[in-house]
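K.L.:
Questions regarding the structure given below will be posed in turn.
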Amino acid sequence: MIFYNSLSGQKEQFKPIEANKIKMYACGVTVYDDCHIGHARTYIAFDVINRYFKYRGYDVTLVRNITNIDDKIIKRANENGESTTELVERNIKAMHDVFARLNILKPSKEPRATETIPEMVAMIETLIKKGYAYQGANGDVFYRVTKFADYGKLSKQNLEALQQGSRVDVVEEKENPMDFVLWKMAKEGEPAWDSPWGAGRPGWHIECSAMSKKLLGNTFDIHAGGSDLRFPHHENEIAQSEACNECTFANYWLHSGMVKVNAEKMSKSLNNFFTIVEVLEEYHPEVVRYFLASTVYRSEINYSKENLENAKASVERLFNALRDIEPIEVNLPDDASEYEEKFIKAMDNDFNTPEALAVLFSLAKEINTLKTTNKYKASGYAYLLRKLCDVLGILFTDIEEYFKQGDGADASEIEKLIAERTQAKKDKNYARADEIRNQLQQQGIILEDSATGTTWKKG
């Protein structure tokens, strides 16, 4: 298995620290607002990778943190006239709800930053003792970036050039504009914890360093996050952790590509910013997940109506292949392994989901061909298609439920019309019964009558 390591800037053969085990950390959400489509992109990308590792037999420990104390959280809570706890709890629940709708697996561990304050304080104390950190005149503690010789190795940036082109706000207490805060002294009314430097709260960067150290150890296999976090967040994590622990922080770094909207950067100022809930009001979770998983994880992805409609058509092609056929493992044909090998080859090469999906469509085509000629063989291929779709986390909805929930006709209205048609038949008003059938047929709804009643599906 090879994949692109942002640290080295090239594809590398993956070698876990411990055979058959993977320790992976993914930077989680700062829960000051609703999750947006960019969050969905990042966490679906790493969910696919997590699922693939498990499919390949690895015992995966995935830690995905929650940043539940931050300047943005305090600011938003004050604006709303509520406590930070109320804001955080509501947004965590909303995050869990939308992630579940998108079929994102729960992480092995989901620490909140405030659960690891003692470990953060201990790391900061170590950094001060080693000369990597200092306390400013106002009480804040800062990291001394010039002390860390490898600063910039992840983002491939030179510290001297960064300093010259710095647009960082000049803070008098800092020795250098690039120095960043490790511990921030509390202002009146803000959440605070005791420390050797006075009551305050941790800086954002030290939170992830401490949580990963506590749950995965000083060195672990993979650190993941959105490409927007590469600098300064991930660069600062490396500086803190490697100075404190005197060893490599993470061996491999994975960064997911950003979402653009109609080829423009997504931002509230451009009025092209979408929350996950807003997107799911228009498109089924299956479609949204497929769309976000269909591009290589580290590439940019363009959010547009055309691309989502294409994703919808693709999802329906896969679902239609599995319609009216029962997946049966024991019926798996001997040559089915060829499809699985092609799927593995694609995913083993930097998690190439477009190529993996091409294999799934080849399988779907095979199933459709065999449905009328060899149902036994078709059912075996259907089992394999289901199995490989599960690796990508797609086709997680019941087939008929998906088509009932699809765009267009409302399910409750269809059920009312079916009930009216049933009554019309009882009353021997066959003209009205036929009229309803034709009306639904024009909406793409197919009725199937049986001794037990009438069922429907979208054609």
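Residue 1 is the first one shown; counting continues down the chain.
Positions of Cβ are set from backbone N, Cα and C atoms, glycine also.
Given the structure is predicted, the values throughout are model-derived calculations rather than measurements.
In case it's useful when we look at the structure, here is the feature table from Swiss-Prot:
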- C27, C208, H233, E237: Zn(2+) binding site (BINDING)
- K268: ATP binding site (BINDING)
- 29-39: motif ''HIGH' region' (MOTIF)
- 265-269: motif ''KMSKS' region' (MOTIF)
K.L.:
Other than C27, C208, H233, E237, which residues of the same chain sit close to Zn(2+)? List them in sequence order, counting a residue when its Cβ is within 8 Å of the Cβ centroid of the site.
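P.N.:
Result: W204, H205, E207, S209, H223, G225, L229, H234, N236.
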K.L.:
Counting only residues 6+ apart in the same chain, whose Cβ is under 8 Å from the Cβ of C208 (Zn(2+) binding site)?
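P.N.:
Y25, C27, N65, H233, E237 - these are the non-local Cβ neighbours of C208 (Zn(2+) binding site), listed in sequence order.
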K.L.:
Suppose we draw a 10 Å sphere around the Cβ of H233 (Zn(2+) binding site). How many other Cβ atoms does it contain, all chains included?
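P.N.:
Taking every protein chain into account, the count is 16.
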K.L.:
What is the number of other Cβ atoms found within 10 Å of the Cβ of E237 (Zn(2+) binding site)?
P.N.:
26
